[in-house]
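Undergrad: Before I ask anything, let me first share the structure, which is written out below as structure tokens.
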Amino acid sequence: MSVPSIPIVKQQFSPKFPRLPSSSLYPSSQSQNLNVPSGAFHPISIVHKEVCSSSCKRIWCSSSSSSTAEPKEGHEVRAQVTVRRKKLGVFVSGGGTNFRAIHEATKRGSLHGDVLVLVTNKSDCGGAEYARNNGIPVILYHISKDESNGSDLVDTLRKFEVDFILLAGYLNLYQWNDPSLQKIYIQHSSITSSSFWRQGIHGMKVHKAVIASGARFSGPTIHFVDEHYDTGRILAQRVVPVQANDTVEELAARVLKEEHQLYVEVVEALCEERVVWRQDGVPLIQSKENPNEFR
């Protein structure tokens, strides 16, 4: 979608945490107020691969893991700026299928980042099990009544030098008073009416509500997180038709399939610094192929 009439303000969406000495990169398992399973922290090999960043002046960019990637014939290369590989922290409360999709994308090289840590409030959930099986540190974290801003967790994430927090099926709300801690969140919703996901409806209940409402379309929505539930700026959506004879399970399966693909595409854009902001504060994703196109 071209947006020629509204000026685009290119902003770096890469908050940087204070760098710590390498000896303190991985936090101790005795962190205060953090129940970290023994042996959970294992060094993760970070493979630095060069890609060129997306900017309004750039014509070609490749996120390929190959260092010999070349621009397509007929494309002019005007600028190539190296973008470092991003460090990701993922939060889950359940099966973690979106987390798996993101991690698999990092392994196959289509996503210019690495999952360094998983945070969960349920130690036996599927997402935590997957993380442990893949050598990803797991932090079990429950916020206490006298510690409402999550400062312990913020400090731990800083030690991992996390660039982005990805909430993938994580339902707890923490009011972190830290503007440098950037978060995005995925939520099942009806794209024709945000009321389904702003009433605290989650999981299969949202698909049931969509069908009961008579809505003809549903789909996943990805938005930034603010201090309230489901009120952050929408970053991406995808349309999923609701069939006349859909069951809740059938609709949920189709939405989930699109959700996995959309979330990976959004994280790819974040890692390649292709998220830009209109002057009215609306976030857009810049096209890889044409920097003048946004969606």
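The backbone N, Cα and C atoms fix where each Cβ goes, glycine too.
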Undergrad: Per Swiss-Prot, which one of Glu259, Glu265, Glu268 shares the N(1)-(5-phospho-beta-D-ribosyl)glycinamide site with Gly96, Thr97, Asn98?
TA: Glu259
Undergrad: Just to be sure I understand the packing, how many Cβ atoms besides its own are within 10 Å of the Cβ of Thr97 (N(1)-(5-phospho-beta-D-ribosyl)glycinamide binding site)?
TA: 18
Undergrad: Write out the long-range same-chain contacts of Gly96 (N(1)-(5-phospho-beta-D-ribosyl)glycinamide binding site), meaning residues 6 or more apart in sequence whose Cβ is under 8 Å from its Cβ.
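TA: Looking at Cβ-Cβ distances below 8 Å from Gly96 (N(1)-(5-phospho-beta-D-ribosyl)glycinamide binding site), excluding near sequence neighbours, one finds Val90, Leu118, Cys125, Gly126, Gly127, Ala128, Tyr130, Ala131, Ala168, Gly169.
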Undergrad: What count of other C-beta atoms do you get within 10 angstroms of the C-beta of Asn98 (N(1)-(5-phospho-beta-D-ribosyl)glycinamide binding site), across all chains shown?
TA: 26
